[in-house]
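Colleague: Grabbed the feature section from TrEMBL, which reads as follows:
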TRANSMEM  A:26-47  transmembrane segment
TRANSMEM  A:53-74  transmembrane segment
TRANSMEM  A:86-108  transmembrane segment
DOMAIN    A:140-351  domain 'ABC transmembrane type-1'
TRANSMEM  A:147-167  transmembrane segment
TRANSMEM  A:179-203  transmembrane segment
TRANSMEM  A:215-233  transmembrane segment
TRANSMEM  A:265-286  transmembrane segment
TRANSMEM  A:333-355  transmembrane segment
Amino acid sequence: MTTTTTAPPSTAPGQSPQLRTRRLPVVASLGIAVAAVVLSAAVVYGAGIGGTALVVALAVVFYLVGLFLASNAVEGRRQARNRTWSALIHSAFVLALLPLASVTWTLVSKGIERLDGNFFGTSMNNIGARDPNGGAYHAIIGTLEQVGVATLITVPLGIACAIYIVEYGRGRFAFTIRFFVDVMTGIPSIVAGLFVLAFWILIVSPYFNDGRPGYSGFAASLALSVLMLPTIVRSTEEMLRLVPAPLREGAYALGIPKWKTILRIVLPTALPGIVTGVMLAVARAAGETAPVLLVAGGGAAINFNPFENNQSSLALYVYQQAGDASRYAPARAWAAALTLVALVLILTIAAKLLARRNRFSR
Amino acid sequence: MGDTPDRSANAGTGGPRVTIGHAGSAGAALSVDVPVTPADRAPDGAGRRGGGSGGGGTGLGGGGALPRRSAFGAERLFQSFTMAAGAMVLVIIVAIAIFLIAKAVPALNANTANFFTFEGWFPNEAQPRFGIGALAFGTVLTSVLALLLAVPVALGIALYLSHYAPRRVGTALGFLVDLLAAVPSVVFGLWGRDFFYGPVQEFSVWLNKYFGWIPIFGGEGPFGRSILLGSLVLAIMVLPIITSLSREVFRQTPTANEEAALALGATKWEMIRTAVLPYGRPGVIGATMLGLGRALGETIALAMTLGIVSSISFNIIENGGNTVAANIANAFGEANDTGRGALIASGLVLFSITLIVNITARAIIYRRREFTESAA
């Protein structure tokens with residue numbers, strides 16, 4: 001078996017037989033990079049047409065061109081293409097990391113300023129444009145209650161819908177439902193808000209509210225439910241499909257009716273995955289601004305009752321403070337944004353870690 | 001259990017064909033040798049049991065000791081409940097259309113301008129005049145621009161994660177990209193308004209100075225709160241969606257195809273071009289359409305970054321731009337009855353457009369059953 005040593009490693013195709021093909025040394029590509037930076041700096045500052053950002057952008061272009069030409073001369077056209085595309089793909093990745101880093105940095109550096117006990121302990125009631133304090137207590141209450149009610153509405157409905165799709169439904173009807181669950185994931189959040197505005201606020205709520213439209217946290221929950229439902233159905237459906245068939249068959253063999261098998265055997269087995277999906281949906285709903293803006297009213301005072309009177313939410317609070325003229329408002333907006341992102345990311349990360357720990361054989 | 005399809009065999013396909021389960025309870029399972037066809041269990045899944053046990057004449061139902069009657073009731077109840085929950089999805093979508101139309105029609109009747117061509121939004125006046133001409137234009141322009149910026153980068157990242165990065169790094173970075181998708185849009189809006197505005201404004205001034213002769217970069221200023229800023233923020237927001245879906249399809253390229261390309265002496269890029277990209281094309285198209293649907297409906301980030309001027313202009317760096325969704329968020333505060341109706345009418349247009357885009361995208365994706373990961 002000693003003759004197999006010439007087999008090329010699959011990770012580095014076309015680069016192996018060093019006896020025949022010449023390769024561009026690593027030093028050369030480093031040299032090209034340095035030359036590209038120097039050249040671009042010379043061009044930009046020599047002609048006086050821009051700053052550092054332009055130097056970097058031009059340097060990347062020069063590097064790609066230089067790499068292609070050098071590789072073309074040494075290794076041939078195909079290797080040159082390979083190298084250039086590889087460099088392009090890597091730079092696309094770096095390019096995408098820039099906004100991520102920038103958002104994180106801005107969020108933390110600006111948000112930390114007002115992140116104090118006062119922020120979490122007070123509302124915006126009686127806070128004027130000249131008051132530096134004021135907090136998001138009412139908004140946090142609003143977010144928790146609205147998302148909580150929405151979860152209570154959506155989870156039973158979503159799980160039942162997924163059970164129907166996986167366990168009972170067949171034929172065109174089940175296919176249609178499954179298809180439109182997917183389509184529903186794409187409904188814009190503002191449209192969900194408008195739907196609840198047209199349906200609940202303008203048509204139903206006047207009956208409970210002396211003929212006037214009643215904005216409330218519950219209306220926001222309804223809108224969030226519309227947005228959460230498809231996410232929960234999809235993730236639950238995936239999880240139910242992963243439950244091994246022998247588990248069900250064992251239950252049937254013991255004489256257990258189907259509905260009890262589903263409730264006692266299938267659902268508990270799929271539970272960790274379902275919880276993950278619910279947490280992801282909750283995280284997404286907590287960050288929604290547009291529906292809450294339209295139907296919750298957004299008050300400044302603390303309101304514990306989601307069924308009556310205006311409520312705010314963290315995302316809406318960020319939006320309102322960002323549009324506020326007070327010079328203290330931006331700091332409050334960033335602090336609330338940091339709180340919101342922390343809440344959403346903790347939920348998301350916890351959900352993903354849970355999913356990783358409890359993964360079925362996949 | 002020879003004829004019963006194995007559930008686990010179909011588990012990973014994610015196709016819309018639902019695996020056929022066992023409708024009967026233990027007693028009815030005596031008839032398991034009968035091939036289970038959809039017609040067999042057609043009406044409500046209980047027909048076979050009714051024949052086997054209720055009459056008892058056929059002699060198939062052997063489990064006389066089982067509590068059949070009560071199980072029958074609970075089974076029917078549970079099944080109807082899940083079916084109602086499933087139908088709820090369709091009901092909601094239809095209800096959205098019905099209620100939006102119901103509230104939009106009075107405002108549309110009161111409108112004194114042409115709804116589809118008029119470039120302005122004055123629904124609160126005594127003579128309401130409003131049209132979605134400029135808004136629809138702004139929506140399409142920002143979304144298309146955002147996709148033009150996002151798709152190449154997203155494909156690059158997806159290829160990097162699926163074929164270039166070491167496995168561990170790829171997983172970790174893919175996780176990071178997914179986290180980017182979880183960041184609420186209001187945070188991106190705030191970031192775009194308070195931080196990203198500066199660099200974009202400088203860039204716009206630079207573009208105007210050296211490329212002002214191109215109409216889209218012309219104008220006198222002021223620059224900054226422009227279509228360009230909105231599109232860039234939007235591009236960052238749709239990037240994770242397109243990336244994670246494309247990465248999934250690229251990863252599912254059959255190893256045999258890739259290795260065959262490599263065995264024929266292809267370089268890595270040639271392998272990607274000949275094996276990975278053609279295989280992933282429908283998925284990438286579907287992912288792009290989903291990104292488009294997301295971009296069309298994005299509200300808050302655009303309401304915070306655009307200049308909110310309702311006029312049709314191809315200039316992308318001057319202050320201005322407005323979209324249907326951003327207009328709803330901005331104009332809702334001071335809207336009266338007709339104003340709300342007008343906003344609902346514009347929302348109806350948005351709903352129809354996104355519905356069409358999403359149905360198309362899903363239809364494309366459904367042609368590839370290999371998809372298992374959901375989009376959002």
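The backbone N, Cα and C atoms fix where each Cβ goes, and this holds for glycine too.
Because TrEMBL annotations are produced automatically, they should be read as predictions rather than curated entries.
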Colleague: Any residues 6+ beyond the ends of the transmembrane segment (A:179-203) with a Cβ under 8 Å from its own?
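Modeller: Residues packing against the transmembrane segment (A:179-203) from afar: 161, 165, 213-215, 219-220, 222-224, 226-227, 229-231, 233-234, 237, 288-295.
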Colleague: At a threshold of under 8 Å on Cβ distances, which of A:53-74, A:86-108, A:147-167, A:333-355 pairs most often with the transmembrane segment (A:26-47)?
Modeller: A:53-74
Colleague: Quick test of the contact rule: Cβ under 8 Å, at least six residues beyond the ends. What residues does that give for the transmembrane segment (A:215-233)?
Modeller: 142, 145-147, 149-151, 153-155, 157-159, 161-162, 165, 181-182, 184-185, 187, 189, 192-193, 195-197, 200-201, 205, 277-278, 280-282, 284-285, 288, 291-292, 294-297, 303, 305-311, 313
